[in-house]
Structures are given as C-alpha cells and as structure tokens.
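This report concerns only the one structure given below.
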Amino acid sequence: QLGTAIGFLLPPVLVPNTPNDIDLMAHNIGIMFYGTAIVSTLLFFLTGVVFEEKPKYPPSHSQAVLQTKPPEDYSYKQSIINLFKNIPFILLLISYGIMTGAFYSVSTLLNQMIVTHYEGEEVNAGRIGLTLVVAGMVGSIICGLWLDYTKTYKQTTLIVYILSFIGLLVFTFTLDLGYLIVVFVTGGALGFFMTGYLPLGFEFAVEITYPESEGTSSGLLNASAQIFGIVFTLVQGKLTTDYSPRAGNIFLCAWIFVGIILTALIKSDLRRHNVNSGIMNLDVKAVSGDS
C-alpha cells in the first residue's frame, strides 16, 4: 500500500503537464519508467536472497497440521476444484473482486475525476491519492487488529463493505462542490474502508477454505480483483469521459451494493479458527517444522 501511495505522489512530480513540449514529457516519462524498472529489479533480487521457504516454527496449530502432509499429496488441480465447489468461497470471490476492482478503478481514474472539476490540480490529485492510500494503510492495520481480537470475520467484512459503499456515495456527491479540502477528507475516508477491506477478504477466504492452500485461494481472489478492476476501469472511464465522474462513480456504487448482498449470503464456517481453538485448550508447544 505504501508503494501505491508513492505511485500516486511521484508521477505528477516526475511528469509535470507540459502539453506544449511533447519531447520533454516523453523524456520525463522515460525517467519515471526506468526508475520503476531499477527499483523492481532490485526488489526481485532481494526477494531471492532474503526470503526463506518457510518459517522455522509453524505460526499456528492449523499450519503445523498442514505441514505434516507430504508435499506430493498436494494437487493444485484438485485444490482449484475443491474451491470452486465451496459456495461461500465463490460468493466471497465475486464480492472481493467487486470491492477490490472498484478500488482499482477509483485509484486509476482519480486524477481524471479530480482534474475534471479542479482544472490544473494534477499535483493535488496525486496528494489526494496519497491520502486515500495512507488512510487505507491505517484502515488495514486497524481491521487486522480488530479481526485478531474478535474473530468476527463475516460481521467485520460486511460492516466494512457497507461503510465503503457509504464512503463512495459521499465521495461521489461531494466531488463537485468546489472545495479540495472536502475531497481530501472524503477520499481519505473512502480509502480507509476500501483498503481496510483487502486483508479482511484474504483472511475470511483462508478461514472458509481451510485446509486448502492459502496461496491458491489468495491467487484466485487476486485474479478476480484484476478481472473486475479491468472491466470497471474501462466502463467507469467511458462513463466519466462521455458523461461525468458522478455517472462513473454511481456505476461502481451499484456494483458495491450487489457485493453487500453477496457478502451477507456467505455462510461463516471458520474452519481454521476451529482447529486453532481446539488445540489451544491443550498444552502444546511449538515445534520446528524440520522436526
């Protein structure tokens, strides 16, 4: 999320709007892309050098149980089939895709929406995007702590979904008031709840799909988010260009409302939590994964 925040802040600074000098704009875009490539390559090497295959000790009893199974018994194909037979996961897959896709769309088109109503405010549009993401980082941490404390996965997910819907409605109908400070506040509130939803969706998915691989369920959630994100960005961009930012945002509001209904229909079967709760009543000590 911090990287996304930097992605909002730096491009307007590195590539200022110079419509009368296309060569300078092309030069600035080149610097931005080469810089991104260098940072990405460095991260690639760091990942290979720093990360280990797995932690020395299993982080929970549910993970310790999974590590007792030999790797050759795992079938990626069968895991996919099992997940698509899991109705609660399918509902979460769609609702997660809707929420995250809407967030991707708003993030992508934020600059266009701001500049439509506040001409020449490209730098402030980047700052609003920064505010949106930083508030979302805080939201992610708070939602994660709340989830650890209460274990109310469905209730928390549904409440944050509803608050995101309300936040987008308020953002939509206050965007054209002519006060940038209002956009900063409503954008921050929107980011707080929409980004705060992201870890909730992953954790809820792991709970209702255990003992399936977390990598498989997370991969499917990400794929769903990308698909919805592409479609939403294209449609919202078309509506924003042909009509107004309000039309594009109302389109997203309608889909998020559908996501609220789907989330409410999810059966909350906390399989991983049940395994962990069962073992916590016993005197069990962590053992090395190599033992």
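The count begins at 1 with the first shown residue.
A Cβ is built for glycine as well, from the same backbone N, Cα and C atoms used for every other residue.
Unlike curated records, TrEMBL annotations are generated automatically.
Listed features, source TrEMBL:
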DOMAIN    1-271  domain 'Major facilitator superfamily (MFS) profile'
TRANSMEM  31-51  transmembrane segment
TRANSMEM  87-106  transmembrane segment
TRANSMEM  126-146  transmembrane segment
TRANSMEM  158-175  transmembrane segment
TRANSMEM  181-206  transmembrane segment
TRANSMEM  218-235  transmembrane segment
TRANSMEM  247-266  transmembrane segment
Spatial neighbours of the transmembrane segment (126-146) far in sequence, C-beta under 8 Å, 6+ residues away
1-2, 4-5, 7-13, 106-107, 110-111, 114, 156, 160, 180, 183-184, 187-200, 203
Same-chain residue ranges lying at least 6 outside the transmembrane segment (218-235) that approach it to Cβ under 8 Å
80, 83, 92-94, 96-98, 100-105, 108-109, 201-202, 205-206, 248, 251-252, 255
The transmembrane segment (158-175) vs the transmembrane segment (31-51): 3 or more CB pairs under 8 Å
no
